[in-house]
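Asker: Okay, these came from TrEMBL:
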DOMAIN    144-337  domain 'Major facilitator superfamily (MFS) profile'
TRANSMEM  7-28  transmembrane segment
TRANSMEM  34-59  transmembrane segment
TRANSMEM  79-95  transmembrane segment
TRANSMEM  101-119  transmembrane segment
TRANSMEM  153-173  transmembrane segment
TRANSMEM  185-204  transmembrane segment
TRANSMEM  216-234  transmembrane segment
TRANSMEM  240-263  transmembrane segment
TRANSMEM  275-296  transmembrane segment
TRANSMEM  302-324  transmembrane segment
Amino acid sequence: MLAAIGARQVIGAIFLAEALLIAAASVLNELWGYLAVSAALGCLGAMLWSAVLVALPAVMSSEAALDGANRVVQTVRNLGYVVGPLLGAALFALSSGTRGLLILAALMLLAAPGVLLAQRSLVGPDVGRETVPGGRKGLDVVGLLRTPRVARALAPLIVTVLVTSALNVLLIVRVRSELELEATTYGAVVAGLSVGLVAGPLLLAKHAGRFGEPAGASLAAAVIGVAIAGLGVAQTAWQLVVAALVVGIANGVQNTLMAGFLMKQVRAEYRPHRMPSYVLILQSTVFAGFIGAGFIDVTAAGTALVAVGLVAMGAGTLGAVANWRSTPQPVTRGALP
């Protein structure tokens, strides 16, 4: 779709489509309907992020400007993961579930014109659109992996995504069943993780990127591994919260550096096909991680966390060595190489 109509049109259409889906959910009474709407919203979210990764480098005039914008965008995105559930809970508390969904749909509709107007002044109508007659259609996973330095940069990220997906499954078992801590403690641990995700891109991504973005992302993967292993051996609430905070910070740094690296490394004419391929790889890995976590013996959650943490630490360390000082191509406005 990106190659057919361009990033600006895709972003605007997704806001409208999400509003309609949320409104439709307000009248559903069957589980299958909610599952279908959830799946559709997930697909639209992935499409939106793909369009942002295509549009962002096209409007930046320099590498420094792109890096700064990327950190802000990543922070706002991660902030949405924190504010979204809070907003949903507030709407549900203030009104019935149906009315809350309609209010949320109305908010999306109100946001859509603002997004469209902002894009009109920033993103050209042809950004992300295939301009070569008979050009490639659809995804280009193979082309992405064949792009210089990309495959070895992605490898530690894929391992980390698998590991953090297992973390999401094992963490509640570790806190509530093994350590027999209160639900409020689990909430504090998750809050620490969320705070780290928001803070990481702004506070540390720039500093970690000085090692080279792929190497910095790999070092962040190693830190994630150490912190996850820490969750597996922690015995007190404050130890769990600190470890979760470190996981969140390092995860935010890793995602920011990898996105920045790929936006520079992938040439402008290939981005409409290869940036969505990157998002597909991430989402497929998350799904595989959740499926794989189902085969882990949850009665030994602490041991499992230590094991997967060591795997992530090893992958990150090897990735940092392999990617040391690997730098992308320079950026030029609107026509990145």
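Every residue gets a Cβ built from N, Cα and C, even glycine.
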Asker: Do any residues, 6 or more residues outside the transmembrane segment (216-234), come within under 8 Å Cβ-to-Cβ of it, and if so which ones?
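Answerer: Non-local partners: 153, 156-157, 159-160, 163-164, 167, 171, 174, 205, 208-210, 240, 242-244, 246-247, 250-251, 253-254, 257-258, 261, 301-320, 322-323.
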Asker: What parts of the chain pack near the transmembrane segment (302-324), using Cβ distances under 8 Å and only residues at least 6 beyond its ends?
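Answerer: For the transmembrane segment (302-324), the nonlocal Cβ contacts are 149, 152-153, 155-156, 159-160, 163, 166-167, 170-171, 174, 178, 211-212, 214-215, 217-233, 296.
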Asker: I need to check the long-range neighbours of the transmembrane segment (240-263): which residues 6 or more away from its ends have a CB within less than 8 Å of a CB in the stretch?
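Answerer: Residues packing against the transmembrane segment (240-263) from afar: 53, 56-57, 66-67, 70-71, 74-75, 78, 150, 153-154, 157, 160, 164, 167, 171, 175, 179, 181, 185, 188-201, 203-205, 208-209, 213-214, 216-217, 220-221, 223-224, 226-228, 230-231, 234, 271, 274-275, 278, 328, 336.
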Asker: Answer with yes or no whether the transmembrane segment (275-296) touches the transmembrane segment (153-173) by the criterion of at least three Cβ pairs under 8 A, sequence separation 6 or more.
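Answerer: These two segments touch.
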Asker: Quick test of the contact rule: Cβ under 8 Å, at least six residues beyond the ends. What residues does that give for the transmembrane segment (275-296)?
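Answerer: Distant contacts of the transmembrane segment (275-296): 2, 46-47, 49-50, 53-54, 139-141, 143-144, 154, 157-158, 161-166, 168-170, 262-263, 266, 304.
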Asker: For the transmembrane segment (185-204), what are the same-chain contacts with Cβ under 8 Å, counting residues 6+ beyond its ends?
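Answerer: Those are 70-72, 74-75, 78-79, 81-82, 171-172, 175-176, 237, 240-242, 244-253, 255-256, in sequence order.
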